[in-house]
Amino acid sequence: MTPGGGSGPMKDCEYSQISTHSSSSPMESPHKKKKSAPKRKWEVFPGRNKFFCNGRIMMARQTGVFYLTLVLILVTSGLFFAFDCPYLSEKITPAIPAIGGILFFFVMGTLLRTSFSDPGVLPRATPDEAADLERQIDIANGSSSGGYRPPPRTKEVIINGQTVKLKYCFTCKIFRPPRASHCSLCDNCVERFDHHCPWVGNCVGKRNYRFFYMFILSLSFLTVFIFAFVITHVILRSQQTGFLNALKDSPARYPFTETNYKSSVVCFFSVWSIVGLSGFHTYLISSNQTTNEDIKGSWSNKRGKENYNPYSYGNIFTNCCAALCGPLSP
């Protein structure tokens, strides 16, 4: 599902309500009929999401932490480029600000791509589809009466010799496909659901996971890069005037020491969590798992000797290619 997008005949799709009343009176003149403007899918979207740019940008409703992420990246990188790069470019090499700029733009691009895209939301069942599913459930239960009978919560399918349970979603009125899960914050079923990430302001699923992984990986490189060269800048300055003298330097150079101190502190505490997160998701990609599956221990050996991951290709390189280079679903 692409919010607000579409091509061909799907571009004019709209949700309409069935009315039991007659459309117009025989005595009603044609010029009095009012045609309602067609609505796009994002305008009547049932989930808890926000849309911008005529539906082309899709985000979760709670985006406060996402703006904090933007501020932290922009401020830390801005201080580095403003106070450290001129000195490092002159004393070491002009390649330092060039490499830092490439990393910065790549981080921002992958962050916005993750935050603004559809993570893989599964469409809810239409009334006709929900009614047909309920009829199938009644037949499976041996009930042909009109009385209410709650549908079963699971269905079993075989994937690569492993039994996988499909859970019924009472909100979306569908049996969720394998690896899909319902996000309680966005109120959507998401295909290959990994987790809901408040730092990017969106769910992470099948259609934006690769961009999320490239974001945290490039952010790890950027954080280590800034931290290393901020420390290098401080060491080079200290060799010239001494560290204590640098702190007592003229007011024009005082912002340098204060800025380096703040940048290095932010990077020092950020680098461990970001690099650790990148390592964790590298492990998930290499074994073709999701965060949701790893937390639940879906394919853990503790559940039995015959329990294994049916989605793994048995090769780290193939698993990584499937997650990062495979075609994106429409």
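Every residue gets a Cβ built from N, Cα and C, even glycine.
TrEMBL: automatically predicted annotations, no manual curation.
The shown structure was predicted, so the numbers you read here are calculated from the model rather than taken from an experiment.
So that you can see what the record holds, here are the features copied from TrEMBL:
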REGION    1-40  region 'Disordered'
COMPBIAS  19-28  compositional bias 'Low complexity'
TRANSMEM  65-83  transmembrane segment
TRANSMEM  95-112  transmembrane segment
DOMAIN    165-296  domain 'Palmitoyltransferase DHHC'
TRANSMEM  211-236  transmembrane segment
TRANSMEM  263-286  transmembrane segment
The average per-residue pLDDT within the domain 'Palmitoyltransferase DHHC' (165-296) comes out at 84
The correct DSSP tally for the domain 'Palmitoyltransferase DHHC' (165-296) reads 78 helix, 19 strand, 35 coil
Other same-chain positions with a Cβ less than 8 Å from the transmembrane segment (95-112) and lying at least 6 residues past its termini are 69-70, 73, 77, 80-81, 85, 88-89, 200, 211-212, 214-215, 218-219, 221-222, 225-226, 229
